[in-house]
């Protein structure tokens, strides 16, 4: 049934003891197409989202197909399947195993900026707060599953988070600052900033910049001070070099009051002429009625990964 069982989780399951025979619900083969490639092949209904059948779970998971297509997080599919088609062990536990809190947090950190871009929020039903920590309960995470290839990166056994990674090959597709791009992408913020440093922690890269001038802002307050620009992957795209001054155009995470530097953002070496152009472009954008917050997207934006019929533009 298992194609790899974490030793720690197995030991913890054994400590729980076997469920009484009368209460042990039957495990069933995973029939959800998106979850079949995952390292378990048996599940149990109802799942963690209270779907009584896998057919219901399939319909509910369809809304995430577009988000999965963006490759916003390597943990998203694992997390969704652990919620919608949870691992079931016949002998050791009468309740399906939940994903670890750290898995949820990594998936959310990578994909929530994409949802925000299309005026969606991370679903409350997938909140990370109530999920178990790696060292305080039985839970499952990708790095805990033993495979023939071994772990992709060393893990901290105390919390399930990585201690370090190998060099990640980043392929950034440059986006040139033009009026057409500016009007199409409708950035939340535009700043002139000097890069102080680029910090890397596990899969997260953060650029620390000193804001020199604010050309555009939206709902997140931007001080003329040192601020962090957050990414949603282990790559800094567009790339930034320390001690260089840039004009940076990006998006924001209103809920966490964060400025984001994600796919579709622009960073070019600062030139006074370019700064003046951007101010003119923004005036035109406001004249077109796009410079402020637009109505929310239709639900199809989440499913397809593209905006609906509202005026929100795509990158």
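Every residue, even glycine, has its Cβ placed from backbone N, Cα and C.
Sequence annotations record features per position, and here Swiss-Prot assigns domain 'FZ' to 22-142 based on sequence analysis. Summarising the annotation, Swiss-Prot assigns disulfide bond to 27-88, 35-81, 72-111, 100-139, 104-128. What Swiss-Prot lists as N-linked glycosylation site is 41, and the listing cites sequence analysis. Look at Swiss-Prot and you will find 170-290 tagged as domain 'NTR'.
What Swiss-Prot annotates, mapped onto the structure for a quick look.
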| residue | record | contacts (Cβ under 8 Å, 6+ apart) |
| --- | --- | --- |
| 35 | disulfide bond | 43, 77, 80, 81, 84, 85 |
| 88 | disulfide bond | 27, 28, 42, 43, 44, 96, 97 |
| 104 | disulfide bond | 79, 126, 127, 128, 131 |
Rounded to a whole number, how many Å is the Cα of the residue listed as 'N-linked glycosylation site' away from the Cα of residue 100 (disulfide bond)? 19
Using DSSP reduced to three states, classify residue 81 (disulfide bond) as helix, strand or coil. helix
Distance from residue 100 (disulfide bond) back to residue 111 (disulfide bond), taken between C-alpha atoms, in Å: 17
Along the domain 'FZ' (22-142), what average pLDDT does this model show? 86
Do you know offhand how many angstrom separate residue 72 (disulfide bond) and residue 100 (disulfide bond) by C-alpha? 19
What count of other C-beta atoms do you get within 10 angstroms of the C-beta of residue 111 (disulfide bond), across all chains shown? 22
